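Chemist: Starting off with a structure, shown below.
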Amino acid sequence: MNVIGIESSCDDTAIAIVNSNREIIANVVISQYTEHLPYSGVVPEIAARAHLKNLQYAMKETLNQAKINFTDIDVIAATSGPGLIGGVIVGSVFGQAIACALGKDFIAVNHLEGHILAVRLNENISFPYLVLLVSGGHCQFIAVLGVGKYKILGQTIDDAVGEAFDKTARLLKLGYPGGPIIEKLASKGDPHKYSLPLSMTKKSGCDLSFSGLKTAVKQLIFSIESLSEKVICDICASFQYTVVQILLCRSINAIKLFESYCSNNFKINRKNYFVISGGVAANQYLRQEIFNLASTYGYCGVAPPSNLCTDNAAMIAWAGIERLNANLFSSNFVPRAKWSVEEL
């Protein structure tokens, strides 16, 4: 079975073809980096117009990569939320139009579910498992009991961690997106040079907060007269270290909540998995620290490859396959900007 996946929820236009044997036959991502760079962030209207322009080319390139025709496609899956509504509508309607023209099933995919299930495209891990989903717009601990069966154990009460990376990069005039740039500069800096607040780490549960950290970084930057390269590297290292410490601290509580929740609702596996996914999971320092923590608590730390952590259509196609196999899909769906995984 060959499934086309379409992703357009933010600033990357992506189309992929994945089959039911977990093979990525084609995977095309068209970046909108140059369109948004002058604004140091994503402009929704510009993103939607770029998706409209890029989708047709991306589809053609995907079919060329796969060396197949539309007649070889069985199902169309497209991100239908959450995300920037203009882009979500463009991609979802594009997918529905193709499905209608081909007489094939259309599957509306939750973008976050794509991230949650992406790890199963490369690793045949069984349910249940714990996910730390970290991206530009979301930061959540999720108990994954099965396809479409999710419990949010904790989440950010204000800003997402990816947004904090981008804001810090903007303050330092480093460019966009901020995550990869800060990670690179942090490797040259002293992570203990500046003390930054470990927000909510003393509280029960596993909710998170990054607004206080953002404010502290802003105040720190404005207090320094000369931002030399060494100072910038130290700020990046201290910021990244603090973010990771917050996530590690809250992960400990999340593991306890996950085990409690599963003991009441599911027979937990002998081998437990702690998955980190989402765009920020491409950060190698964060990934390794989460793996180390997972091992300490008897879990196997797992993450999708970096190219499947950032927004991509292969994870959307795979989520479509998972939902099709579970018979959990409907062709009657309206794209939406907000869509919790607990509503699936």
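Every residue, even glycine, has its Cβ placed from backbone N, Cα and C.
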Chemist: Need one residue: from D166, D190, the one Swiss-Prot lists with L133, V134, S135, G136, G137, G179, N283 for substrate.
Modeler: D166
Chemist: Long-range same-chain neighbours of D166 (substrate binding site), Cβ under 8 Å, sequence gap at least 6?
Modeler: S40, G41, G136, Y176, P177, G178, G179
Chemist: What is the interatomic distance between the Cα atoms of V134 (substrate binding site) and H115 (Fe cation binding site), given in whole Å?
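Modeler: Cα-Cα, rounded: 9 Å.
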Chemist: According to DSSP, does L133 (substrate binding site) sit in a helix, a strand, or coil?
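Modeler: DSSP assigns L133 (substrate binding site) to strand.
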Chemist: Provide, as an integer number of angstrom, the distance between the C-alpha atoms of H115 (Fe cation binding site) and N283 (substrate binding site).
Modeler: 15
